[in-house]
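Peer 1: The annotation active site, electrophile is assigned in TrEMBL to H94. According to TrEMBL, the active site, proton acceptor annotation covers E166. Taken from TrEMBL, the feature substrate binding site covers N9, W10, K11, G172, S212, G233, G234.
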Amino acid sequence: MRDKIVAGNWKMNKNMEETEALLAEVSAKLPDTDAKVMVSPTFVNLASAVNQLESSSIEVIAQNMHFAESGAYTGEISADMLLNIGINTVILGHSERRAYFGETDEILKKKVKAALAKKMTVMFCFGEELNDRKSGNHFKVVESQLKNALFGLDAKSWSSIILAYEPVWAIGTGETASPEQAQEMHAFIRKTIATAFTKNIADNVSILYGGSVKPSNAEEIFSKPDVDGGLIGGAALVADDFIAIVKAI
Ligand code: 13P
């Protein structure tokens, strides 16, 4: 049985007081759920978020990390630093990291390897751009993103991987992939993993959808058989919206 997951990627939003207030509201309103609920505030607020949610089932996760153990990498954060403050899961490969910070498949491969070597869980993001979809290349692009960063992994690493398919054209645009488009791609991803590894691995990896998920569309997207939850941006910044999305799963 694969995990159902709803994760909030807060990106570069919320200062310390706002983070505390949003976490307090989300944890107070959290419904009883079998789904794993995760939140990802900015780096500067991660340690206090972990402390604040100590007795909550909500997991605090990081938005990024560097692949090196330590050293002269100004502005970067290592896996050990995250583990040291109680963070065990890291988002890697977000399209904003790829687009604005030059993260290539090659860099992401190193980051994934580094995180797994430290026994962290990786939430690996990928997805095509609008021109890829328009030209009918979306399956090819997604397959190559997966292949380049993840297909060198050994089979047992897959229990520490969560996938998040986020079509770039649906992120922050208000335009969501239709539930059918999401299901079609998620089924393709699962089939691609089954071919490269095993059916068992493919059946057990959680594949989240991300891109303009809102309370109004979450239930329909989550109802699709290969969609195991969502990675939520904008709607995760409003407690009632995030909670409604958690309830939708
Ligand atoms: P939005 O939900 O704001 O479209 O963002 C999705 C996302 O990028 C989550 O990582």
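Glycine too: its Cβ is placed from the backbone N, Cα and C atoms.
Values in this document were obtained by computation on a predicted structure and should not be read as measured data.
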Peer 1: Just to be sure I understand: of N9, W10, K11, H94, G172, G233, which recorded positions have a C-alpha no more than 10 angstroms from the C-alpha of the residue listed as 'active site, proton acceptor'?
Peer 2: H94
Peer 1: Take the mean position of the Cβ atoms of N9, W10, K11, G172, S212, G233, G234, the recorded substrate site. Which other residues of that chain put their Cβ within 8 Å of it?
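Peer 2: These residues sit around the substrate site: I171, I232, A235, A236, L237.
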Peer 1: May I ask for the distance between H94 (active site, electrophile) and N9 (substrate binding site), taken between their Cα atoms and rounded to an integer number of Å?
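Peer 2: Counting only the Cα atoms, the answer is 10 Å.
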Peer 1: On a simple 10 Å Cβ count over all chains shown, which one of the recorded positions K11, H94 is most densely packed?
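Peer 2: In terms of Cβ crowding, the pick is H94.
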Peer 1: Just how spread out is the substrate site if you go by the largest Cα to Cα distance in Å among N9, W10, K11, G172, S212, G233, G234?
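Peer 2: So the maximum pairwise Cα distance among the substrate binders is 14 Å.
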Peer 1: Non-local Cβ contacts of W10 (substrate binding site) (under 8 Å, 6 or more apart, same chain)?
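Peer 2: Expected: T19, V39, S40, P41, T42, Q63, A236, L237.
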